[in-house]
Amino acid sequence: MGNIPPSANRRSRTRRGLAAVSATAMGAGMIALASPASAAAGCEVDYQVNSWGSGFTANVTVTNLGDPINGWTLEWDFPGNQQVTSMWSASYTQSGASVTAEDASYNAAINTGGSISFGFNANGSGDAPDSFTLNGVVCDGETGEEPEEPEEPEEPEEPEEPGNPGNPGERVDNPYVGADVYVNPVWSEKAAAEPGGDAVADQPTGVWLDRIGAIEGNDSPTTGNMGLRDHLDEALEQQSGDTPMVVQLVIYNLPGRDCAALASNGELGPDEIDRYKNEYIDPIAEILSDPAYADLRIVTTVEIDSLPNLVTNVGNRPTATPQCNEMLANGNYVNGVGYALATLGDIPNVYNYVDAGHHGWIGWPDNFGASADIFYQAANASGATPDDVHGFIANTANYSALKEDHFSISDSVNGQMARQSRWIDWNNYVDELSFAQALRQELISTGFDPGIGMLIDTSRNGWGGPDRPTGPGPRTDINAFIDGGRYDRRIHLGNWCNQAGAGLGERPTAAPEPGIDAYVWMKPPGESDGASEYIPNPEGKGFDRMCDPTYQGNARNNYNPSGALPDAPISGHWFSAQFQQLLANAYPPVE
Ligand code: BGC
C-alpha cells in the first residue's frame, strides 16, 4: 500500500541550522570570527571564493543571529589591493581597501536566524577579509550572550535507518525515507476501474486542494466528497504500526492563478490575497495543526506554476502575458507563497516543497538563477524564512524525461553542440534529474539551507512503448542525433497539455538519487490537464488552446503544434483515454 522503498543510494545531509557551510567546491572559504559588540545583535558571514588568479567571484551569505533587522550594511576591509568590479543582490561603494555593501531593497529584511546572499566580482587575489561588520556589529557567529565556543567541524548526519520513525513532531531530513505514502482512495478507485489499472491503483498520488471548497470536500473530481480532514483520517487508517505515513498535499489556489495559461485558471482574482490567506491557507493550517495528525508527515507542494511565471512570462519578453505582469506588479504570487510557507511552516510535521517548474521552463541561463532569486524572495516574504522551506519539486504535472541516456549536454556532432539543436535550444539541461540536482546547488548558493531536498514528479514522464528509442540517433547532424535518441517525444519542450505518446514514469521511490528526496506522482495520472475545447464549468477554468490538438502554438512553445490528445475534459477531471495511454506507454513498463 503505497510503500516507497528506501534506496541504498541515500545521500547523507548535513545538519540543519546555523552551523556555517564549510568551504568546498567553490574554493577558499572562511568564517569570520571576532568578538561580539553587543548582546542584542549577532551575525555570521560565510565568504566563498572562486578565484582564477587575477580575479575572483565571491558569494557572501550573511546570517542574522540577533533581533530581526530591516535594512543592512555589511562592511569589510580587503587584505590587499582587491577591487570590486560588480556586485549583485546588493549595492556597494569602495574606498581604498574598505568596502560597504548595502541591501537591494527586496532582501533588506533578515529575521532572526535568517540569511541573505549576495555576490560580486573583483580583481586581485581571492584572499578573504579578516572580519565583517553587519550594521556596525562584528560578525563572529555569536550573539554575545554566551561564551564563545570553538567551531566544531560539521559531521555528516547519521543515515536514517529504513523504518526509523524519528521523533514524532520533529522534522526528519527526508520525510519519505522509511515511510509509507498515502493512497488517495478517490484516485485509486478510478485507476482500478480502468482495464489493467489495478497494477498501479495502489500508488500514492497528490491530493490537490485546488479550491477553497476542496478543504471541506466539494464533490470535485479530484478529491470526490472527501475534504482535507477525511483524507488525513483515512491516512491514519492506512498507517500500519510504527511506520510513518506521508500525506502529499498540493497547495494550489493563488490569486490570479496560472497567469500564462487558461486551463487551470483559479477561483481567486488577482487581488484577492486576503481571501487566499483567510479562507484558504488559514483553514488548511488549522486542520493540519490538529494534534490528531501530529504523527503524519505532511508534504505540502506549494503553488505549482506560479513563481517561474514571474521570471519567464513578464516584461518585454515575447512570452509575456498581461496577467503575469499584473501578478509581478501586485506582488501577490510572492506574498501568497510567502504566507503559505510561513503559516504551514509553523506546523512542526509539515514539510514545505516549493514548486520549481521543470528544465524545459527554467533551465536556460537567463532564467535559472533568476528563478532561484525569486524563490528566495518568496521564502523571505510575508513572515516566511528560508527555514520554512524543506525543499523544491520539479516537473509537477509536466512531461520532461527523467534521464536522457543517449546524449548529454556536452555532446557534439560535426562541430555542432548539443545546445545548438532545435530540441535543446540552448538550454543547459537535457532532463529533470540533472536539472533538479543543479537547481538544488543553485538554491543553496542563493541562501537556502544546504539540507534542502528535491522531489521530481514522475507521474507522466515515462515515454515507453514501442516508439521508445533504443539507442542514439544518427551522427549525421546534431538534430538527427538528438531527435533520434531522445525519450521525450513531445513536439516541443514547451508543450504541457495531455501529451500524446506519454507514459507513466518511475514509480514513486524514496531517496533514489543524491539530492533527491523522492520520485513522486504529484499529478494523479489520468486527470486531464485541460479541455480540448471550451467547456463551461463552475471551477473558474478557461480554455487554453495548448490543449486543442489542432492548435499551432504560441511564443511559449515557439509556434509548434500542441501535441495534445483530443476529446479531453476540463483540467482535473478523469480522462480515461489518457490514463490508458499512460499505462500502455509506461516506462519502466507496468508488469
Ligand atoms: C487542475 C486541478 C486538479 C489538478 C490535478 C490541475 O491542472 O487545475 O483542478 O486538481 O490538475 O489533477
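For all residues, glycine too, the Cβ spot is worked out from N, Cα and C.
Under the three-state DSSP scheme, Asp258 (active site) falls in the coil class. Asp258 (active site) has a Cβ environment of 24 other Cβ atoms inside 10 Å. What TrEMBL records for Asp258 is active site.
What TrEMBL lists as active site, proton donor is Asp305. Cβ environment of Asp305 (active site, proton donor): Asp258, Ala260, Ala261, Ser264, Asp355, Gly357, Thr396 lie under 8 Å away, each six or more residues apart in the same chain.
Feature annotation from TrEMBL assigns active site, proton acceptor to Asp529. Same-chain residues at least 6 positions away in sequence with a Cβ under 8 Å from that of Asp529 (active site, proton acceptor) are, in sequence order, Ala263, Ser264, Ala397, Trp496, Cys497, Asn498, Cys547, Ala564, Ala568, Ser571. In the three-state DSSP classification, Asp529 (active site, proton acceptor) falls within coil.
Feature annotation from TrEMBL assigns substrate binding site to Trp208, Asp210, His358, Trp361, Asn398, Trp496, Lys523, Glu527. The number of other CB atoms found within 10 A of the CB of Asn398 (substrate binding site), across every protein chain shown, is 26.
Per TrEMBL, compositional bias 'Acidic residues' is recorded for 142-161.
Residues or ranges marked as domain 'CBM2' by TrEMBL: 36-142.
Summarising the annotation, TrEMBL assigns region 'Disordered' to 131-176.
According to TrEMBL, the signal peptide annotation covers 1-39.
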Annotated recorded positions Trp208, Asp210, Asp305, Asn398, Trp496, Glu527, filtered by Cβ under 6 Å to ligand 1: Trp208, Asp210, Glu527
Number of helical, extended and coil residues in the domain 'CBM2' (36-142), per DSSP: 3 helix, 60 strand, 44 coil
Local confidence of the prediction over the domain 'CBM2' (36-142), expressed as mean pLDDT: 84
Most distant Cα pair in Å, residues Trp208, Asp210, His358, Trp361, Asn398, Trp496, Lys523, Glu527 binding substrate: 22
His358 (substrate binding site): tally of other CB atoms within 10 A of its CB: 29
